[in-house]
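What follows is a single structure, written as structure tokens, with notes after it.
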């Protein structure tokens, strides 16, 4: 039960984590994240890294779509921009990874601003189409600017190095990917306690009212695009370090849809939603594979027989969530928390 | 009553959980099993091939295990579905290699093969092959622990060009390829080869894979008036549309394809227009009885219905992997990447039992052998149009 959490100051009221219990849980989570690579095998560490990269990118899209209300289907292409910048810098200049990641993020952010310009005029589905157009253009550039992007065969890059150690394995890269993601997620959570973040929410809720309140729409919409693409760029850079091969086919349009689906399933306009959605969309197909694997002792050739079924189940799960939990996994989580706030007095 | 029901339910639930837990453990690997892991695209855009590949590998492994394994050691095939996505393929690789001491691996795409190559080098314990015939992978220095069970894409086109140069010296050739890594792969390099063979490349057309409206491209092709038109980088569309429109315009060019557009079921989907469609095929078709082929007969015995060319690819890949394991063990050596690759490269004039109609050798990462087949719509079959062509 939640007791003794009277908020006596505005500062307390605005705190990101407002109860001691919550802070303890958070500390526990960080300990678990730090201990994870010591207990898990290569497969789970790999998935952990993949989930973290997807969380970073989904959080970026959540800033744009969930908090500012601008639908974008260009997230994968922005990740591509970041990935190509990181790969190019790593191959040609050999600059340290944090410089490359920052450059990848900033480069993607600049492209994001360009793509965001139409957003003052067009909204909703129209904007989604405009961002698809932008991603088609970006893909064309990836495939045809051969001297920089390596054309269709792409770029193969060396691993990141830290103090002379090559980060070439998921268990080493984990220490790069996860902290960067944690920083980005914390940054995004804090954003919505600032003027800029609140302006985003105001624009989402009613852009005309926001303008009346003195929020310059174009500037803030472009901020949102820039920030979202920055997140995508950094995530793309992490992706590049993770797979070390970047090709035009690495960031297809379906990947953008994947991220949009992740924030819808997780809960739009909620940082936790982005995290849960990205984890759900990445892990459920793998979990279903595990279940198929468990059935193999009884069902010969279960992998071949059940793989199509697995795809259908995954689709059905997404539809199920949209129907029964339209506000996303984050809402289910909140409900669970509320239950424990009153427990055991009301169950 | 309620309690009884509850207990029952709980008992059933407990049993189910226990069963689940028991099954949750990865199926035990006997200490000396030889493990063949696979990132197999059983769903997604490449599933049509993945299913065949899976069945092919499975059947060959069964044949070997029924005959007592290799030096008494059984082969364990561990497939995992990837939906033809690189990240899922790498996940499958990590999963399988962390659960089993893997000796061989089957990869599903060029992207995966390139991504996993540094990891194969680092591990040094696995020999990998896969569904990709990318020319880039045919580099034993760069991709030390990989091979492909057939000619690479450049070699496939070169086989077609040799056939053309033989049939119709000085002929005019046009390329139609998709705007993908797969489509662009052999174009530049094989153009050089065409010139060396005295053939004239009159047009190169690039389209999107699976595009529907190709009328402007067909007009372009008509202006070039090639004797032969080679498609590459497609599975089906837009090949039938191209051929239909070209035939309606009265063009006489002969159309040709490469491995992935050459399966019997794909070609037959072209309908009447596909009659006479030719292409290079590294393996004999399921129903091919032009050569003495005990292995094909065995396959027909095991599976009475038609099996795709992807099946043959999977089957032969498993056969070559097994052969290299056998040679390594016979030499009393440890099963690691270097020894397995050396054993694979020692394969010379090897009889595949008719899967490939001539004895094969694998000096590098590929088997530069293929045959030209032609679609005969009256029989609904692909029939041999040439003898087996071996590139020097």
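Placed from the backbone N, Cα and C atoms, the Cβ positions cover glycine too.
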Of A:254-280, A:281-307, which span is tagged transmembrane segment by TrEMBL?
A:254-280
Range annotated as transmembrane segment - as stated in TrEMBL, picked from A:71-91, A:197-217:
A:71-91
Contact yes or no, the transmembrane segment (A:124-145) and the transmembrane segment (A:173-192), 3+ Cβ pairs under 8 Å, gap 6+:
no
